[in-house]
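Asker: The following feature annotations were taken from TrEMBL:
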- 266-289: compositional bias 'Basic residues' (COMPBIAS)
- 3-244: domain 'DUF7702' (DOMAIN)
- 249-295: region 'Disordered' (REGION)
- 6-27: transmembrane segment (TRANSMEM)
- 39-60: transmembrane segment (TRANSMEM)
- 72-92: transmembrane segment (TRANSMEM)
- 113-131: transmembrane segment (TRANSMEM)
- 151-170: transmembrane segment (TRANSMEM)
- 182-199: transmembrane segment (TRANSMEM)
- 219-243: transmembrane segment (TRANSMEM)
Amino acid sequence: MAVSYRNAVSIAELVVYLPSLAVALLLCSRHGFGRSSSFFFLVIFALARVIGPCMELATISDPTNVGLYEGVVILQSIGLSPLMMSTTGLLSRLLGNIQKSTDTFLKTQMLQLVELVIIVALILGIVGGVQSSSGIAQGSYHPNGLNKVGIALFIASFAAIVLATIALTFSVAHADQGEKRILVAVAISLPFMLVRLFYSIMVTYTTDKTFNQLTGSVTVLLCVALIEEFIIVVIYEVVGLTLPQVPKTQHRQGHHLSSSDGTDSRRRRHRSSRRHSGRHHGGRRHGGRRQGGTDNIALRIAKGTIVGRVVTAAMDSQRNKDDIEMGQRY
């Protein structure tokens, strides 16, 4: 069978995202998986953009396998989630750096709330995608109500990210010189993320055949979604390669600072300098563990959600039935 336009795009995705995956893994190794969730989510995104095209190319030899089409559609639709999580991760790093020297209106808990909304949107997108995929056996795909709610949450999350970026512009002068580039990288990426969000809106809320994820225009998919995604990945990976490595102790202190106001931070440093009793130090260590657990909530949820568990469990519930329907059709 000849290679189609869509197959060629999938091959191009593999060509660009396999190196991107390697760079993302390098960044996680350099900055730490636990200490730099932003780059962990780039790994997740690159994996999605490698697995998705592989599944699409597999349809060449197995065109009646509904599960392959389900995977392609779902992996394509959830691309916004890891990109937004990477963005909030970068903003959180910048915020923690700024709060070492000054107080800010924006708090880490606000960004954590945005991350939670993104995770909910991701789950709704996966479940809605599986439910909507029942029409793939008949050669059609139409997003359902869960997909629409998920995209609405993505819209709200994007708006919150824009507001957080604007808020940080007023205090970025207090950041270390090497960290200020984060704000520039995020600001440059936001227009491309907006275009990518527009594509998802058109796919979900309209019946325009051009934006159908299964049978729509490949050129539109390429120009309005895939190129924008890759530009964002390149921006974040380039800035990641230029960022200084944050030591574990400094990162842990940064989490304490970013989770409270400047006054409390100065008080903690004052108490530490006076070297209180061992019970006090034990309390601080215990509190640090609690704070570290809070800061990594989104990361732990993502590890249990994005990496195949929800997708696999949900897809298996309909795969057998849809394979039978597809077989009867052919």
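Every residue, even glycine, has its Cβ placed from backbone N, Cα and C.
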Asker: In the same chain, which residue numbers or ranges, 6 or more beyond the ends of the transmembrane segment (39-60), come under 8 angstroms Cβ to Cβ?
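Answerer: Non-local partners: 1, 3, 6-7, 9-11, 13-14, 17-18, 20-21, 24-25, 27-28, 31, 33, 68-69, 71-72, 75-76, 78-79, 82-83, 85-86, 89, 229, 233, 236-237, 240, 299, 302, 306-307.
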Asker: Do we see three or more Cβ pairs under 8 Å linking the transmembrane segment (219-243) and the transmembrane segment (6-27), pairs being at least 6 apart in sequence?
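Answerer: Result for the transmembrane segment (219-243) with the transmembrane segment (6-27) is yes.
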Asker: Taking contact to mean three or more C-beta pairs under 8 angstroms, with sequence separation of 6 or more, is the transmembrane segment (72-92) in contact with the transmembrane segment (6-27)?
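Answerer: Stretch pair does not touch.
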Asker: Restricting to the domain 'DUF7702' (3-244), what is the model's mean pLDDT?
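Answerer: Here the predicted model's pLDDT, averaged over the domain 'DUF7702' (3-244), is 92.
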